[in-house]
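Below is one structure, written out as structure tokens; the observations come after it.
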Amino acid sequence: MSDLDPDALLGFDRDHVWHPYSSALVPSEPYLVESADGVRLRVRDRGGDVREVLDAMSSWWCAVHGYRVPELDAAVTDQLGRMAHVMFGGLTHEPAVALSRRLLDLAPAGMERVFLADSGSVSVEVAMKAALQYHLAAGRRRTRFLTIRGGYHGDTFSPMSVTDPVGGMHSLFRGVLPEHVFAPRPPAGVDRPADDPELRAWAEETTALFAAHADDVAAVVVEPVLQGAGGMYAYSPHVLDVLHDLARRHGALVVHDEIATGFHRTGPRWAGDRAETPPDILCVGKALTGGYLTLAAMLCSREVAEGVSRGEAGALMHGPTFMGNPLACAVAVANLDLLASRDTAGEVARVERALVDGLAPATSLGSVADVRTLGAVGVVQLHEPVHTAEVTAAALERGVWVRPFRDVVYTMPPYVTSDTDLATLTAGLVGAVAAVHG
Ligand SMILES: *Cc1c(COP(=O)(O)O)cnc(C)c1O
């Protein structure tokens with residue numbers, strides 16, 4: 001068996017390799033991708049032919065500039081010539097300092113300290129740990145977090161504990177997962193005004209819930225405005241204003257998880273910029289390295305950083321082996337420079353217009369319940385769960401790589417996707433939904 005033989009690769013993969021949320025009994029039958037360039041992946045189809053297809057997913061929100069980006073390739077290569085990695089305990093280096101400086105320049109008001117983590121989930125772990133330590137240091141034993149239903153914050157245990165209880169399969173992990181406080185999911189719609197009756201009813205219920213747990217809640221943890229893996233669900237920024245206000249009133253911190261929404265994906269640089277006040281803690285990840293390497297960060301205010309450090313432990317108790325990995329930091333710096341060198345907000349607005357136009361025909365399909373767009377994110381929601389394998393195959397035939405989940409077929413393409421490619425991409429998605437679901 002040659003490792004280069006595609007059928008042998010796929011056979012070994014099927015028998016021995018776990019994929020995300022996959023079963024060993026019903027294999028997920030992944031497609032073999034050979035390479036990627038610009039906004040296209042070279043994917044081997046079921047017939048064995050290699051096709052160039054448009055990437056509708058940006059590799060799960062990450063590849064905002066597409067693939068084999070000369071500036072990012074160069075950043076990795078240059079850094080390789082110095083060092084790939086070195087421990088961060090007792091040592092520091094230019095890529096980590098340069099990245100932290102840029103992140104603080106871009107961050108919402110008040111952020112003052114950066115913790116570099118190796119994945120989004122770890123950054124949420126660190127944010128939750130910092131919130132606990134902050135209160136402990138002040139003599140308050142607050143051990144619970146408040147969030148809204150429908151969220152997603154990662155797959156390790158603490159982030160999973162604030163992820164939607166149903167979507168996150170909390171029943172499966174009962175007894176192991178800490179039980180936090182879940183407010184109802186806010187009413188859908190970004191444009192809902194503050195005095196909207198449904199929003200006010202939501203606020204009343206949440207106010208009562210918060211009051212009932214006021215002495216226990218260390219922090220509010222939310223994905224601002226757009227819940228991603230929880231269903232691509234958008235809500236009004238006034239919801240954030242309510243949560244921020246309750247948190248201040250009850251002495252809890254506010255954590256914004258912008259791992260998916262950061263760096264202009266929904267329009268503004270941070271989705272939370274639409275709220276009246278900034279968070280105390282911010283988590284970023286995904287697009288941070290332009291999709292090159294795994295890296296995330298937790299940023300916090302001076303008050304949080306100093307509060308944590310005044311405690312009995314005298315330190316924030318976390319330190320991953322690959323913390324501040326120089327290769328990842330170097331490519332993240334190049335990514336942020338590239339985003340800054342372009343009219344990224346304008347680019348996202350252009351992508352948004354193309355998604356609105358291109359996905360509009362889906363509204364007339366019988367299988368479609370809702371079509372919505374927020375920034376460079378387009379969602380086609382069906383009345384029933386998506387036949388994922390069939391829709392993926394039908395989209396591939398139309399030249400598009402997409403990975404639907406639950407009842408949504410969605411796209412968050414690289415920002416650099418041209419209008420012509422966006423027209424092909426949206427037509428491919430709508431055509432695939434029509435062909436499979438009608
Ligand atoms: C993806 C995601 C995470 C987890 O990030 P990983 O890098 O997969 O650990 C956390 N929060 C949100 C909002 C995400 O979209």
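Even glycines carry a Cβ here, placed using N, Cα and C.
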Site-mate of Trp60, Tyr152, Lys286, Gly319 for substrate in TrEMBL, selected among Arg398, Arg403: Arg403
According to TrEMBL, which candidate in Asp55, Asp257, Asp273, Asp370 joins Gly120, Ser121, Pro320, Thr321 at the pyridoxal 5'-phosphate site: Asp257
Least Cβ-crowded entry, counting other Cβ within 10 Å, from the binding-site residues listed as Gly319, Pro320: Gly319
Filtered binding-site residues, from Trp60, Asp257, Gly319, Pro320, Thr321, Arg403, whose Cβ is under 6 Å from an atom of ligand 1: Asp257
Between Trp60 (substrate binding site) and Gly120 (pyridoxal 5'-phosphate binding site), the C-alpha gap once rounded to whole angstrom: 12
Helix, strand or coil at Thr321 (pyridoxal 5'-phosphate binding site) [DSSP, three-state]: coil
Among Ser121, Thr321, which are binding-site residues, the residue with the most C-beta atoms within 10 angstroms of its C-beta: Ser121
Binding residues Gly120, Ser121, Asp257, Pro320, Thr321 (pyridoxal 5'-phosphate) - maximum C-alpha distance in whole Å: 23
